[in-house]
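Some features that Swiss-Prot has for this protein:
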type: BINDING; residues: 20-24, 50, 166-167, 190, 216-224, 270-280; note: NAD(+) binding site
type: ACT_SITE; residues: 55; note: active site, proton donor
type: SITE; residues: 84; note: site 'Lowers pKa of active site Tyr'
type: BINDING; residues: 117; note: substrate binding site
C-alpha cells in the first residue's frame, strides 16, 4: 500500500509528507502498544512519523521503523521522521548531544526534522519539569535564538535534514526570522490546530513566510487525562462536523483531517487502531466544497485542548497572543 504520496514542499527544498502519524501516548498506554501502533501505521502506508524526547517513546518508534525496514516494507529514504528538542536542553551546547541521543534511540543516522518543542527554555538537568521548593518551574534565561543557531549547526553536520519549531506564536517566529545572521529559517511550526482552533491568522502568517503549519490534536486530541480538561467538547461528536460527514459519506475524523489538508496544513493523526489508521489515509481521496469549508470555518472558537498551563508563568508562554 503505497499511500500518502502527497507532500508539502518545505522552504529548504525537502518535502514533508502531507499526513503524519503522531506517537504521543498517555501514561496509561503501555510502550509496547505504542510500538505496535507505529508498526501498524508504517505497514498501512504512513511514511511521516512524529515523535519527541518528551513522549519517552523514541526507542520503541526506532524498533518499529527498523522492523519495517528489515522486512522490506519500507526503505529509510521513504520515511520522514520528526523528533523534538525538549525545553531543558535549550543551552546551545546541549542541542547536538540531545539530537545525537534521539538519533541513537531511533536507530537512525539522521532525523528528517528536528524541532524545538516549545519556545520555553527551562533549567537544564535530570528533571524534565524542574521545579523549585514552591513548585514553580525553574526557567532558563537562554534566548531560543541561540538555541536555533545550535540547530542550524546540527543541520550543517548532517545530523538532521530540516529544522523547525513548535508552539511558537507569530512574535516568536519573527524573532527567529529577523535574527541577525540567520542561516536556515524554520521549515515548520507545529501547533494545535483543528476545526475548533483553525489558527487562520497564524496559518496566513506562516504561508506568507513559506513555513509549513503542522497540526497536532487535529482530531481533538485523545483527551489524555493528565493534560486535557475532561469537560472539554468532544470534537468528533460535533453536530455540524457529523452532519458534514453524513452528507459526504465519510467519517467525522476524515472531514476534520480533510479540512486541514485542504487549507495547506499537514495534520498528524493519532490512533492505536489499524482500521482508523487506514481510514485516515483516505483524506487524499476526496475534496470538500467551498461551501463545506465555509461551514467548517464557522466552528472555530479558538479553543485549546492543550493550553500548556504548566508554562503559564513563563515570560515566553506562547499562547497569550496569536
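Cβ coordinates are placed from backbone N, Cα and C, and glycine is handled just like the others.
Shown on the structure are the features that Swiss-Prot records.
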residue : record                               : DSSP class
20      : NAD(+) binding site                  : strand
55      : active site, proton donor            : helix
84      : site 'Lowers pKa of active site Tyr' : strand
117     : substrate binding site               : coil
190     : NAD(+) binding site                  : strand
219     : NAD(+) binding site                  : coil
272     : NAD(+) binding site                  : coil
280     : NAD(+) binding site                  : helix
Within 10 Å of the Cβ of residue 280 (NAD(+) binding site), how many other Cβ atoms are there?
25
Residue 272 (NAD(+) binding site): which of the recorded positions 55, 84, 117 is the nearest Cα neighbour?
55
For residue 24 (NAD(+) binding site) and residue 55 (active site, proton donor), determine the Cα separation and express it in whole Å.
6
Taking the Cβ of the residue listed as 'active site, proton donor' as the centre, how many other Cβ atoms fall within a 10 Å radius?
19
Would you count the other CB atoms within 10 A of the CB of residue 272 (NAD(+) binding site), including those on all shown protein chains?
15
Chain-internal residues, separated by at least six, CB under 8 A from residue 84 (site 'Lowers pKa of active site Tyr'):
51, 52, 53, 54, 114, 115, 116, 117, 166
For residue 55 (active site, proton donor) and residue 190 (NAD(+) binding site), determine the Cα separation and express it in whole Å.
15
Let's check the environment of residue 117 (substrate binding site): how many other CB atoms sit within 10 Å of its CB?
20
